[in-house]
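Below: one structure, written as structure tokens.
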2 protein chains.
Amino acid sequence: MARGRRPTDEVRRDILETAGGLLFETGMGGFTIDKVAALSGASKVTIYKFWPSKGALALAGYFTAVSDVLEFPDTGRVEADLRTQLHAFVGLLTETPAGEVLRELIGAAQTDAELLTAYLSSYSAPRRALAVERLDAARSRGELRENLDSESVVDQLWGACYHRLLIPDQSLNVPFVDRLVDNLFRGISA
Amino acid sequence: MARGRRPTDEVRRDILETAGGLLFETGMGGFTIDKVAALSGASKVTIYKFWPSKGALALAGYFTAVSDVLEFPDTGRVEADLRTQLHAFVGLLTETPAGEVLRELIGAAQTDAELLTAYLSSYSAPRRALAVERLDAARSRGELRENLDSESVVDQLWGACYHRLLIPDQSLNVPFVDRLVDNLFRGISA
């Protein structure tokens, strides 16, 4: 079969796109490696070669599916770029199935060590690294204070959104993320 | 029996203390209303009169167990008071079973609507209200800027800690919470 001779990168990308699409359609409840194999035409052996578990595959597929939406613009003004990215992030969490998928994955990961490891390595750590890279660049060009710890800023922007996603006492929306940015750039002191 | 004639408040407090103690000892896995009844000497009927479910009782017991540790000092300087409270909060999450209990409860609440409702009403909303009250008071006495939204600050302090508790890419510790406070009071701009 021609399929068998396709380049590895292409096969990988097909599987990831299929996995991301299936996850958005069914949530983790309907997500199986069997279905990804059937839909993508890849064998289960091939899938397991790249991803050790269902959770790892779901997360890698998720990362692929949201990468375009979550891309950072780079206008050279970090405050504006953060607002743009955070608006897209909140839109993704509140207006697409992504929010429910993440709630389910993060929730299950609290009592499933393997899933947590997959979540950290396949999704949250790479996304955190992208944000830190952008914040560090802004600090290097003099937009942010010299001794700033970029990691802590990630928790006060995206982490604050995850807090409202998982513990929804208050609404997660665009005015909220704008306040998060305001608080950090203007400070909260009188 | 003398027990039957005890004032309701006393019975309630006994049940809550028993529930909190049991939860810290066994986690949600070993927490049952039967055990709380046996340990407190209260009947299951009495317990169900106050708390509609196991989750609601566990959360109310948890709230009682941690209230003293999480109390806010009130020195009239909000930045110092926040640091003191956040240090105690991080200690509770990282040096006692509380962190694991919360991970388990918040995790399970993502796919258990009843538990989520109990979590919000019995634990997170009342704790959020205590923090907002303190921040609003500081704003009223001129320590924080006039147009500050206190709710958003809760997500950038305690919410940022929950982010690291649930998605542990980075460590949750005292230097981290000090940076959270620094970022908000000094701002992150150059």
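Cβ coordinates come from backbone N, Cα and C, glycine included.
For the domain 'HTH tetR-type' (A:9-69), the predicted model reports an average pLDDT of 93. Under the heading domain 'HTH tetR-type', TrEMBL lists A:9-69.
If you look up TrEMBL, you'll see A:32-51 marked as DNA-binding region. Sorting the DNA-binding region (A:32-51) by DSSP state (H, G, I as helix; E, B as strand; all else coil) yields 15 helix, 0 strand, 5 coil.
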